[in-house]
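Report on the structure given below.
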Amino acid sequence: MKNYQLVLASTSPFRQQLLEKLSVPFICLSPDCDETPYESEAPLDLVQRLAVNKATSCSIKKPSLVIGSDQVCVIDGKIVGKPLNRENAINQLLAQSGKAITFYTGLAVYNSVTNLTEVGYDTFEVHFRNLNREQIERYVDREEPFYCAGSFKSEGMGICLFEKLVGKDPNTLVGLPLIDLIDMLQKQGFEIL
């Protein structure tokens with residue numbers, strides 16, 4: 001294994017917990033980049049651009065592999081952000097009731113030695129049950145998903161909202177596609193197993 005410091009360019013506790021599943025040492029740094037979408041920027045382009053920007057903004061002096069990730073939720077062709085408060089969360093979930101939404105998660109690994117970045121993405125579909133306002137309010141009051149795209153925590157009670165999930169890697173839904181990440185790290189000579 002090459003002697004790289006693994007860096008997660010994120011302050012998200014959810015992404016940190018996901019990376020901890022791999023049982024490899026890493027440090028977390030806060031990325032410094034503008035996350036404003038460009039006018040008419042497609043969701044896939046946005047998440048890949050932001051994943052690269054996050055990874056390259058957290059480069060450190062010693063040889064490192066820096067992981068950047070970004071995610072958006074799309075419903076009816078529109079990007080849905082984090083709700084940030086109770087009323088917005090309720091409204092988002094009401095709009096999603098009975099529908100399928102898609103999560104696009106961009107992933108980048110920046111190699112500070114070669115100055116090269118590999119970038120990719122994964123998608124995940126969430127099909128919601130038909131939910132009434134009372135069910136949604138009870139859920140929001142219990143989990144307070146105010147800082148989660150789509151207004152739910154799939155790793156918690158959010159699972160109660162779903163009819164089915166479609167995707168290759170359930171970690172993608174939480175914000176870090178581990179299957180793709182393992183492939184990218186191995187290409188850089190960083191073995192997990």
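Cβ from N, Cα, C; glycine included.
Residues or ranges marked as site 'Important for substrate specificity' by Swiss-Prot on the basis of sequence analysis: PHE14 (among others). Cβ neighbours of PHE14 (site 'Important for substrate specificity') (same chain, under 8 Å, six or more residues apart in sequence): GLU155, VAL174, GLY175, LEU176. DSSP assigns PHE14 (site 'Important for substrate specificity') to a helix in the three-state reduction.
Per Swiss-Prot, the feature active site, proton acceptor maps to ASP70; the stated evidence is sequence analysis. The Cβ of ASP70 (active site, proton acceptor) has GLU35, LEU46, VAL47, LEU50, ALA51, LYS54, THR105, GLY106 as same-chain neighbours under 8 Å, each 6 or more residues away in sequence.
What Swiss-Prot records for GLN71 (among others) is site 'Important for substrate specificity'. In this structure, GLN71 (site 'Important for substrate specificity') is part of a beta strand by DSSP. Residue environment of GLN71 (site 'Important for substrate specificity') contains 29 other Cβ atoms, counted within 10 Å of its Cβ in all protein chains.
Annotation note: GLU155 (site 'Important for substrate specificity') sits in a coil segment as assigned by DSSP. As annotated by Swiss-Prot, site 'Important for substrate specificity' applies to GLU155 (among others).
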Other C-beta atoms that fall within 10 angstroms of the C-beta of GLU155 (site 'Important for substrate specificity'): 15
